[in-house]
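*Asks:* Quick one: this structure, given as structure tokens, is what I'll be asking you about.
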Amino acid sequence: MDSSYSAISKNSYVELQKQNKFLPLDDEEKSFVNNGHALDSGSNQGSGISGAVFNLTTSIIGAGIMALPATMKVLGLVLGLLLILLIAILSEISVELLVRFSALHNSRSYGEVVQSALGKPARVLSEICIVVNNGGFLVVYLIIMGDVMSGSLHHVGVLDQWLGNGFWDHRKVLILIVVVVFLAPLCALNKIDSLSVTSAASVALAVVFVVVCFVVAAVKLVEGTVDDAPRMSPDFGSKEAVLDLLVVIPIMTNAYVCHFNVQPIYNELEGRTPAKMNRVGRITTAVCVVVYASTAVSGYLLFGKDTESDILTNFDRDLGIRFSSAVNYVVRVGYVLHLVLVFPVIHFSLRETVDTLLFEGSPPLCESKKRSLGLTVVLLALIYIGSTMIPNIWTAFKFTGATSAVSLGFTFPALIALRLGKRSNSLSAAERSVSWLMLILAVVVSVVGTLGNVYSLRSKSD
């Protein structure tokens, strides 16, 4: 199979020791396992479960969390929380299916398992989706950094509040400095395991953000100073509200898309087995549900109908509590640092995928420093240019959510399970039903979201 990874002999593969309860082994898979046709566990030098959890959590919790409070404004608290939980469950199932069939077919990347199930054209399409999705995320990260540090049309930047006017008012210049000085050195690293420490730090910073938002919202609830009563259900009272409802669900599908990083993290997992990776996935999903629900609810309670698509921009005003200015600075600066540490993890998969598309059959990227550095420079330049052209994160999220994100998170994993499960007769009736449910929901969300996005743009242009 063509890949950017070098071939591994069958004798080097380790047994699939256990499978989780949701995805049990059938007779054919047990025979497959006993013959030693599973992915090699590699040397003892790899990331442990904690390192894998940090890397996978970092892949998920990025800029998407900033848009969740705004989705509560559209969906209401009840439907919004239900969707956070439902999408989390479906995403974890799709990850476990992906890990299972990747191991069965010795696939060491997302594109390889897609090719095993659906052929080479589908692999190319999936890799294009990864490029669009990851590139879109990284553009969003730079937009948020610019919003926070330099300010936006209606909000003041942190540096302006600290230092007054200066060169940092020039948003493009400031973002360029961040890219060159802070992001480029981290993006130049060749192994995702090298980023486990920065991933742990990024998760800690995200937790600080969530805790601060939650505590401030709780204080305001107790004191009775919440500005607006939260909406419990969606608003169907106007055409604009219905359009917002159509585009907001694809935005939420962005929240759990980490599938492009599952194989790289699994490949570097110490003593890896599908059961061990599933444990990583479940811990990660539980953490993300708590973080997302807390952020979405507390952020919406804090700002109500004034909640911005990027909630960080709301933290430039008096929160109505003691030490409001200090809290604002902690939230905004802390999350910018979080995004700086998340950026290289997402960039890793983007670079690997672009390398596979452009240099198929070449030695692994980790063996060619010149090619790796060249791709890094080109990708960072394109991402920077994109951040100067896209107006806000809502615009980026609603299009990637309806196209590449839903495809990577649900469409391809469902098709992989249905196709490869049929070949080996290894899917139970329940697993087959869940796979069909994911596929149908993915298609509906993609079609409705895309039509809603197009109609929304046409309405604004008129």
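Every residue gets a Cβ built from N, Cα and C, even glycine.
So TrEMBL says this about it:
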TRANSMEM  49-68  transmembrane segment
DOMAIN    49-451  domain 'Amino acid transporter transmembrane'
TRANSMEM  74-99  transmembrane segment
TRANSMEM  124-144  transmembrane segment
TRANSMEM  173-189  transmembrane segment
TRANSMEM  201-222  transmembrane segment
TRANSMEM  242-262  transmembrane segment
TRANSMEM  283-303  transmembrane segment
TRANSMEM  329-350  transmembrane segment
TRANSMEM  371-390  transmembrane segment
TRANSMEM  402-421  transmembrane segment
TRANSMEM  433-455  transmembrane segment
*Asks:* Hey, which bits of the same chain come close to the transmembrane segment (49-68), Cβ under 8 Å, at least six residues off its ends?
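*Replies:* Answer is 80, 84, 137, 140-141, 144, 192-193, 195-196, 199-200, 202-203, 206, 251-252, 254-258, 260-262, 265-266, 268-269, 276-277, 279-281, 283-284, 287-288, 291-292, 295-296, 299, 309-312, 335, 339, 341-342, 345-346, 349, 393-394, 397.
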*Asks:* Could you tell me whether the transmembrane segment (201-222) and the transmembrane segment (74-99) are in contact, taking contact to mean 3+ Cβ pairs under 8 Å with a sequence separation of 6 or more?
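*Replies:* Stretch pair does not touch.
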*Asks:* Taking residues 6+ outside the transmembrane segment (173-189), which of them lie with a CB under 8 Å of any CB in it?
*Replies:* 142, 145-146, 149-150, 159, 167, 195, 198, 340-341, 343-344, 347-348, 351, 372-373, 376-377, 379-380, 383-384, 387-388
*Asks:* Which range out of 242-262, 283-303, 371-390 gives the transmembrane segment (433-455) the most CB pairs under 8 Å?
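*Replies:* Going through each listed stretch, the top one turns out to be 242-262.
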*Asks:* Thinking of Cβ pairs under 8 Å, which stretch from 201-222, 283-303, 371-390 has the most of them with the transmembrane segment (329-350)?
*Replies:* 201-222
*Asks:* Give residue numbers and ranges for long-range contacts of the transmembrane segment (371-390): same chain, 6 or more residues beyond its ends, CB-CB under 8 A.
*Replies:* 135, 138-139, 142-143, 146, 172, 175-176, 179, 183-184, 187-188, 190, 347, 350-351, 354-355, 359, 362, 365, 396
